[in-house]
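S.K.: Pulled the feature table from Swiss-Prot, pasting it below:
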BINDING   202, 203, 204, 205, 206, 207, 208, 209  ATP binding site
DOMAIN    15-107  domain 'CARD'
DOMAIN    196-531  domain 'NACHT'
LIPID     558  S-palmitoyl cysteine
LIPID     567  S-palmitoyl cysteine
LIPID     952  S-palmitoyl cysteine
REPEAT    702-725  repeat 'LRR 1'
REPEAT    727-750  repeat 'LRR 2'
REPEAT    755-778  repeat 'LRR 3'
REPEAT    783-806  repeat 'LRR 4'
REPEAT    839-862  repeat 'LRR 5'
REPEAT    867-890  repeat 'LRR 6'
REPEAT    895-918  repeat 'LRR 7'
REPEAT    923-946  repeat 'LRR 8'
């Protein structure tokens, strides 16, 4: 009967019925769908519609449906205004009465002016929990975790976005990401509509955790463009704290180990299960999750109410078997891969560009004098700038600079002005930490030397090293009270800021600690291996097992990951470790090379017996030499284009970094001899500008001419500057997709015009403007052997285009010019047309996607009548029409050397196509005219089926 009444009301204007009658007719519908009675009672009390006695009567009802019926009885008995207010509460508190949204929409309820003035209090558990989460995340993300615990930096004042790049499944560049909001939107960079995980990856220290902290801060303050009502943040390394016997329900994981609802947790969890799309999860550092727990022994799916091991819950959350539809943002270091079916987007963090670095310097040093002093020192040392491209290292260097300013107030604080290694940076920050408790006023200035500082802090450093080594050995990054006590760390040591305390996360109570960054743990691990006299040479070198030869199985890794492909949607646990990233081992090796370098011996002799130091140094060098020979010999080689090409892998970059840390010319010469090729391919290795310092250190000893391919990396202008020692021997220089600006091109111009040996210059997809185009033109003018020039997808307009075209016209060696994806327009096209006339060498020209109209097309067609060298011209994605087609048809009746004419995605119709087809009757040289994507209908294209050289579809 009541159900019939409900349907009877559908589509009937509310004004025709009283509010009391509406509640009567829909009584059972309301009884069924109202879950939260307390919120109704609270609002009726707040506005004086219910007395305390009314509230007690409702509370005395034994079941929720009985409570709803009693509220309805009381509301209806109090008249129209109270009934209308009752409906107003249902309308305003959408989360509390989500099941009534459709019904409220159907009845077209609109409150009167009187009712709109009434106060609505939201005591709904779901809404309260959202506010609780916002408060907690806002508090947790307010301060940037600083390397000295006594200092807190406001995140709002120190955070800066880094270069964020959308990439495809195979890490191909899809363009830059506009900002953090774009991470979660549904229109930018989506690879898989069914995927739920946004995967953010990048090298250690590039800012992944800071990005998540900023995301939390924005969500907590309501500034994030997201509909998420719940935000759960987990650090993957914390899951390593759980024992194999630990069992948790999903509700316990979310509430007891993150944030427990202040009221009605069952109601909150029920809402989350019903509407998982209202939740956003962030999982930080998947590569830092290591456990012996075997997920292959447990079912693929699990029930949200049944207890399971926390790693099972994590795996099923990531795979979507739990809370399917919830948004997930996952971070990991470069090298970790996630199954495609889970991915929604992939975002690569690139670190600071030169402009980011200068902006960050201004933010960290608002005082003008200090700011200018710092920037002058950075400009004088590209090597230091390259290190600062990694936000973590930049922050450490800047904080050390600030410390020197404070300690030596009134004097000029100075950053190193020579080659700086990562070991130098971490020794510096160690010295700063240890000197924090020392007097720093002008009256009591601390004058201890670095050696004295380290000697005074020997006990602390050794204890920290013991903690770090124990964790690194097991790939663990969180330490309990027992590990800290076993190393004899004292309370004062913990206050120095190397270790920071964490909130309780495991099932057992007790304080946990972590180093402020993985790289610091690696540094102290290396320090322990060098300084502890009980460490054997075998143990000293054990992390070098990560230096596997290309093609070797990864089973020799120091520690295998707990994760299997099965848990994330793959088929088998067997085979290579899907999470091969072992940067903590690689950084340990790097710091070992740095600490045992000749330059550090005087410092370390204060701490380590001379004989032990000599023995360890000898063992490291012997192993380093043997590893280098073996690895370089095993690199894949191929004969291509007249070159003996060697394709280096990312491990080769780690070797270069270790060699650079030694600052040993002997090791550099050995590595250079081992290359044994004249073409070194380092494309897609995620090399950064600092790696160019290491590469130059080795190639400086390579005395033959060399082709160098560094396409698709992250070098920027600082990287180009660091390559300066190499340019005297580089004949092929491929620097495409590297964030290079006009500043970097200027360096190239200055260097390449000195030696004039370059034959190939690749600068595709950078940030070069007309200014840089002029430098490129100068290179082409002065380097008479330059044959291949790739300048596509930059920011070059007609002015820059004319400069390049003039240089092409004057060149007798150039054979291939790529200008795709610029904006040279008709003026630029006319300049290239002039260059084409009677050109002696040019065979391939791409002017695709350049805004060229029929006017520019006509000039090019006319010029080709006077050209006998060009065989390929690409004019794809311009604005050419039938008039242009007619001009090219006339050209084809004269030109008998052109082989490929690409006019794809222009505005040519069947009429223009017919003219081109007729011209082919008098041209036997051309092999194809590509017209795909023009204004030609399929039925019109059939006319040209017999002419195989016309390609319409």
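Any Cβ shown, glycine's included, is placed from N, Cα and C.
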S.K.: Sort out the residues at least 6 away from either end of the repeat 'LRR 2' (727-750), same chain, that have Cβ-Cβ distances under 8 Å to it, and list them.
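M.R.: Distant Cβ neighbours of the repeat 'LRR 2' (727-750) are 163, 173, 350, 353-354, 643, 679, 683, 699, 702-717, 719-721, 757-769, 771-772, 775-776, 778-779, 790.
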S.K.: Taking 10 A as the limit, how many CB atoms besides its own sit near the CB of residue 208 (ATP binding site)?
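M.R.: That number is 23.
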S.K.: In sequence order, which residues at least six apart in the same chain have a CB under 8 Å from the CB of residue 952 (S-palmitoyl cysteine)?
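M.R.: Long-range Cβ contacts: 913, 931, 932, 934, 936, 941, 944.
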S.K.: Looking only at the domain 'CARD' (15-107), what is the mean pLDDT?
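M.R.: Reported value for the domain 'CARD' (15-107) is a mean pLDDT of 91.
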S.K.: Taking DSSP as the reference, which of helix, strand or coil describes residue 208 (ATP binding site)?
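M.R.: Assignment for residue 208 (ATP binding site) reads helix.
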S.K.: Would you list the other residues of this chain near ATP - those whose C-beta lies within 8 angstroms of the C-beta centroid of 202, 203, 204, 205, 206, 207, 208, 209 - in sequence order?
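M.R.: What remains near the Cβ centre is 333, 349, 351, 390, 391, 392.
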S.K.: Within 10 Å of the Cβ of residue 203 (ATP binding site), how many other Cβ atoms can be counted across all chains shown?
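M.R.: Other Cβ atoms found within 10 Å: 23.
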S.K.: Can you tell me which parts of the same chain pack against the repeat 'LRR 5' (839-862), counting only residues 6+ beyond its ends and a CB-CB cutoff under 8 A?
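M.R.: That would be 792, 801, 808-809, 811-830, 832-833, 869-881, 883-884, 887-888, 890-891, 902.
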S.K.: Using DSSP, break the repeat 'LRR 3' (755-778) down into helix, strand and coil residues and give each count.
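M.R.: When I sort the residues of the repeat 'LRR 3' (755-778) into the three classes, I find 10 helix, 3 strand, 11 coil.
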S.K.: Suppose we draw a 10 Å sphere around the Cβ of residue 205 (ATP binding site). How many other Cβ atoms does it contain, all chains included?
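M.R.: Step by step: centre on the Cβ of residue 205 (ATP binding site), count other Cβ atoms within 10 Å, giving 24.
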S.K.: Are there any residues at least 6 positions away along the chain from residue 202 (ATP binding site) with a Cβ closer than 8 Å to its Cβ? List them or say none.
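M.R.: The answer is 208, 333, 334, 348, 349, 350, 351.
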S.K.: Just to be sure I understand, if DSSP states are collapsed into helix, strand and coil, how many residues of the repeat 'LRR 6' (867-890) fall in each?
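M.R.: So the repeat 'LRR 6' (867-890) is made up of 9 helix, 3 strand, 12 coil.
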S.K.: Using CB atoms and a 10 A radius, I'd like the single residue among the binding-site residues 204, 206 with the highest neighbour count.
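M.R.: The most densely surrounded of these binding-site residues is 206.
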S.K.: Are there any residues at least 6 positions away along the chain from residue 207 (ATP binding site) with a Cβ closer than 8 Å to its Cβ? List them or say none.
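M.R.: In sequence order, 162, 349, 351, 391, 392 meet the Cβ cut-off.
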S.K.: With every protein chain in view, what's the tally of Cβ atoms within 10 Å of the Cβ of residue 209 (ATP binding site), excluding that atom itself?
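M.R.: Other Cβ atoms within 10 Å of residue 209 (ATP binding site): 17.
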S.K.: What is the three-state DSSP composition of the repeat 'LRR 1' (702-725), stated as helix, strand and coil residue counts?
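M.R.: DSSP classes over the repeat 'LRR 1' (702-725) add up to 9 helix, 5 strand, 10 coil.
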